[in-house]
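Per TrEMBL, these features apply:
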type     : residues : note
DOMAIN   : A:15-75  : domain 'HTH tetR-type'
DNA_BIND : A:38-57  : DNA-binding region
There are 2 protein chains.
Amino acid sequence: MTSPEPRRRPGGRTARIRQQVLDAVLAELGEHGYDGLAVETVAARAGVHRATVYRRWGDVGGLLADVLDAAGDDDWQPPDTGSLHGDLAALNQEIHDALVAEPPVVAALIAASFRSEKAELAQRRLWEGRYARCETIVSRAVQRAEVPPGTDAQRLLIAATAPVYHQLLLLRTPPDPALPDQAARTAVLAASAGAFAGA
Amino acid sequence: MTSPEPRRRPGGRTARIRQQVLDAVLAELGEHGYDGLAVETVAARAGVHRATVYRRWGDVGGLLADVLDAAGDDDWQPPDTGSLHGDLAALNQEIHDALVAEPPVVAALIAASFRSEKAELAQRRLWEGRYARCETIVSRAVQRAEVPPGTDAQRLLIAATAPVYHQLLLLRTPPDPALPDQAARTAVLAASAGAFAGA
């Protein structure tokens, strides 16, 4: 759900330079983490003059923010498996895989959002966009009568996904293959019992 | 649950110096955040020679790790309100209050754990200790027959608390006074439905 994969996109020289620079940010971030990230090395890796990078992105925070904005500017759609449990389990699996990926680019971006206000705002925009797209998972579940009408989509989605982030990103417990499905099942049981309908 | 309050403790000169230094770390962290934290300014604020600080704590990571270890070395006990919902809601309220406190010392410590391996390990130890102490909340709930025997205490506690961390620390949504109670209620409904009993 949060994976900022390098992508090819149409466009002229400006779009091409952006892509080269953002790919270089991801590569540098994966190799050296936030502390090793510098405008100079990103520019060199991208084959772009550093004055161009400074002019267009300002600093490391600006580069990270643009990586996150580019990641959200895609055609990602949430899983559609035919059941609420299936959708949430597949969503959690995507989050799990992104958080344990090597190099740990997604984890590094989230960590960077604690350091740079620009990156923090962009990370929030990315998550808001992702959770908004996921609301369809809940509206489909309401249509299928799996959960009560009036179920709060955001609260359900956060309950389903938060344990995955919490364990892998904060508690840093060893990766648990059962976690994505267990957290999905827990949220479904709570939702069926009406936990997210009403106040 | 995570609040490292300055505390007085008995002991001789060594213990007194440790307390002065750790209090100075918390004060500097609250005022300047991780990026403004330096052994020199901590030593000056504590009124301790910087050579002493370097010798005993090594670096900023060592100082933060000791703050976290000291925070865990206390007599904190989880709430005991007479019901699972009450206990989890009170626990979540403690977490909520610590995460929205000003100055944001707890949030800064968690952010620092993304920067320093020593701080990361100490933060993990602190959380492990806190969640272990909280297991009594679940065993009491089993005894009261509020949840099925065999309910997995760790999974239940993580499901109850993760949304509070997720919203305040990662998604950085505005503080929501209803959040601690809602997340507690959700976990209770799931637990009653058997979400944490069995595989």
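Heads up, the Cβ atoms here are built off N, Cα and C, so glycines get one too.
Any TrEMBL annotation is an automated prediction that lacks curation.
Outside the DNA-binding region (A:38-57), and at least 6 residues removed from its termini, the chain residues within Cβ reach (under 8 Å) are 17-18, 20-21, 23-25, 27-28, 63, 66. When the domain 'HTH tetR-type' (A:15-75) is classified with DSSP, helix, strand and coil residues number 50 helix, 0 strand, 11 coil.
Taken together, the residues of the domain 'HTH tetR-type' (A:15-75) have an average pLDDT of 94.
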